[in-house]
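Visitor: Structure below; questions to follow.
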Amino acid sequence: MRQDQRSYNELRPIKITRNFIKYAEGSCLIEMGNTKVIITATIDDKVPPFKKGSGEGWITAEYSMLPRATQQRNVRDINKLRLSGRSHEIQRLIGRALRAGINFKALGERVIILDCDVIQADGGTRTASITGGFIAMFDACKKLYDDKVIENFPITDFVAAVSVGICDGVEMLDLCFEEDSKASVDMNLVMNDKGEFIEIQGTAEGGAFTQEQFEKLLELGKQGIQKIIEIQREVLGEDSKLIGSVPKDEKTSGCDQE
C-alpha cells in the first residue's frame, strides 16, 4: 500500500473541468490527485515558416509553473530572462504528443497554441498537461468545426499520458512527487486509444533495470492510459464521436521542428 493508500496499479483521482477559462477557444482544469494544471488552447492564423503555403496546420505548447505551485517558491522563468531547460523539454514533449493525434491538412493553415500552467504540483505535471491539453485542443478544433471554418474534424485519435516507476523494488503507476523523488526508475508514457505508443521516456536513477521490469512498467502504463482515455471520453460525451472522422491514413505526420 502506498502513502495515499492506493494500490501499485491504481491511478490518483482524476477530474477534468472543461471550458474552465472564459476567453480561450478551448480550455480545461485537470486535477490528478494534488497536481492541478490549467490548459488553454488559442487559435492563431500565423503558422511557422516551415508550414507556410503548405495548407497544413500545427500544434505547439508552452509550459510553466506558478512560483508557489511547489512547496518552495520557484523563480519565474521570465525573471531569469530565459526558459529553464526543464520547461523547454516539457513543452516540446507536450507539443509532440498532441501533434500525433491530429490531421494537419484537416486543421488547415493555422496553429493551435496550448498554454499549460501548473497551479499545484505533486508529480506528473507533464503527463497531466498532455492529458488535459488534448481536451483543450479538442474544444479549439470543435469551435473551428462548428463555425464552419474547417470542413472535417481534424483529431484522429485520443491522446493521453501517465507516469510509471519503480519504488522500493515495486513497479507503480502514476507517481506522486514523493514517490517520483525516490524512484529508482522513472518513466513517462504517451499513447493513443488504439494502444499505440507515441512517446516513451525512461531513466534509471543511478542503477539499471531489466527487460522484465521494463515490460511490467509498459503494461502498467498501458492499463492506466486506457482508463484515462475513458475519462476523457466521458468528459467529452457525445462530442467524442467526432474523433476519427478523418481517416488515419490521410493523416499527415509532422516533424519535431521546435
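Backbone N, Cα and C define each Cβ position, glycine as well.
Annotations per Swiss-Prot:
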- Arg86, Gly124, Thr125, Arg126: phosphate binding site (BINDING)
Visitor: Is Gly124 (phosphate binding site) helix, strand or coil when read with DSSP?
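Guide: DSSP assigns Gly124 (phosphate binding site) to coil.
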Visitor: Work out the three-state DSSP category of Arg86 (phosphate binding site).
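Guide: Helix, per DSSP.
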Visitor: What number of additional C-beta atoms lies within 10 angstroms of the C-beta atom of Arg126 (phosphate binding site)?
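Guide: Excluding its own Cβ, Arg126 (phosphate binding site) sees 24 Cβ atoms within 10 Å.
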Visitor: Quick one: among the binding-site residues Arg86, Thr125, which has the most Cβ atoms sitting within 10 Å of its own Cβ?
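Guide: When each Cβ's neighbours within 10 Å are tallied, Thr125 tops the list.
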Visitor: Which residues does Gly124 (phosphate binding site) neighbour through Cβ under 8 Å, counting only same-chain ones at least six apart?
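Guide: Long-range Cβ contacts: Arg12, Met32, Gly33, Thr35, Val162, Ser163, Asp174, Leu175, Cys176, Asp180.
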